[in-house]
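The structure appears below as structure tokens.
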Amino acid sequence: MFGAADYGVDIQVDDGDTERLLSVTPDDVSAAESLSFCRNVFVPLTTACRYTCTYCTYYEPPGQASLLSPAEIRDICERGADAGCTEALFTFGDDPDDRYERIHGQLAEWGHDSIHDYLREACDIALDCGLLPHSNPGDQTREQMGRVADLNASVGVMLETTAEVRAHGGPRAKEPGQRLATIATAGELGVPFTTGILVGIGETARDRAESILAIRELHERYGHIQEIIVQPVSNNDRWQQGSPELETLRRATAMARAGLPAEISVQSPPNLAPVRELLDCGVDDLGGVSPVTDDHVNPDYAWPALRELENIAEEAGVPLEERLPVQDRYAASEWLSPRIQSAIEADSEAGRRYRRVLESV
Ligand SMILES: O=c1nc2n(C[C@H](O)[C@H](O)[C@H](O)CO)c3cc(O)ccc3cc-2c(=O)[nH]1
Ligand SMILES: C[C@H]1O[C@@H](n2cnc3c(N)ncnc32)[C@H](O)[C@@H]1O
Ligand code: MET
Ligand code: SF4
């Protein structure tokens, strides 16, 4: 349990008063009544990336970066569909800049003038294989997101933090302003959205509170945030500064739960976080878990088997529920394009699989 600690963070407001904007006490947060997860395949479209985040081993420099071919995308998606998955997760490097001539040349050869134009084809392949696309291409302009919105069940980008941190520094720095703009764009376009905070990259507790409040504000404006991931940064060959302490993660998770409306799920990734020790802080989702592919962003951290997720839920005394990459409350409304809606409703093997997942909860 929480102990006596007050999880609050003082935020100094403009007029000089100190206001407790995000003050969390044990009474504000309790364990969720169920745990959900989504069966997915991870499709790493390209390892090219305009940024160089210091904790990330995913991106590769221009001479080495790769691009999956349409045949490779289809192969991953078919394996996913065969394993009962419902989601194709397109997570890849942020919009490769002009240093990546080779990648742009390859895209041009395949008839695409941008990575988003190619993502559109990739989503089409996933749908054709019976998977619902969830794309996480990092920062996007309105035009880029608009290019792929109708072929995605949901879209996501980790806010990570509103703070300027050294981990994002250097000549090609990820900027919080641009991340927030991407989340706002999704709201304007009416796209169900996943975001999250990355804990332990040099941000303070106050920065985490501000990040959560920024997400809340955008959700209040657009109503499009379906879940927030509270993700601990993990050690790898490029990042050896360690992961956050359990207590830090507990505070961050509790703060997310208490600071956001109940309809927003709080996700803890079971391959990166000690989920069992976070459940009483309000976690209700275990995110996308793959029976088929690695977590290509954190390849040293294997997905737990379904049996392990069942154990976690059983020990907590709550049901484990499979979900689609879009939350039920967006599923049958104006939030989804006709193409995605008809994929869910289709009288096909995939449509029946989606409805089984929807009806199981
Ligand atoms: O398998 C993963 N899924 C990741 N997901 C997918 C997530 O686990 C769920 O599959 C989605 O929430 C859709 O239901 C992300 C989704 C986002 O929108 C933003 C970031 C991530 C990060 C990961 C990730 O590192 N690994
Ligand atoms: C897919 C998401 O994974 C996160 N990400 C990138 N590198 C790491 C790491 N070492 N540990 C945890 N998360 C990471 C980024 O925030 C990205 O948005
Ligand atoms: C591989 S990282 C995930 C997608 C994107 N490059 C981001 O940082 O948000
Ligand atoms: S975390 Fe995403 S944006 Fe940062 S370097 Fe890795 S792939 Fe690029």
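Heads up, the Cβ atoms here are built off N, Cα and C, so glycines get one too.
Just so you know, TrEMBL annotations never went through curation; they're auto-generated.
Keep in mind it's a predicted model, so treat the numbers as computed, not measured.
As written in TrEMBL, here are the features:
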- Cys49, Cys53, Cys56: [4Fe-4S] cluster binding site (BINDING)
- 35-271: domain 'Radical SAM core' (DOMAIN)
Lowest local Cβ density among Cys49, Cys53, Cys56, which the record lists as binding-site residues, within 10 Å: Cys56
Stretch-averaged pLDDT - the domain 'Radical SAM core' (35-271): 96
Reduced DSSP assignment, Cys56 ([4Fe-4S] cluster binding site): coil
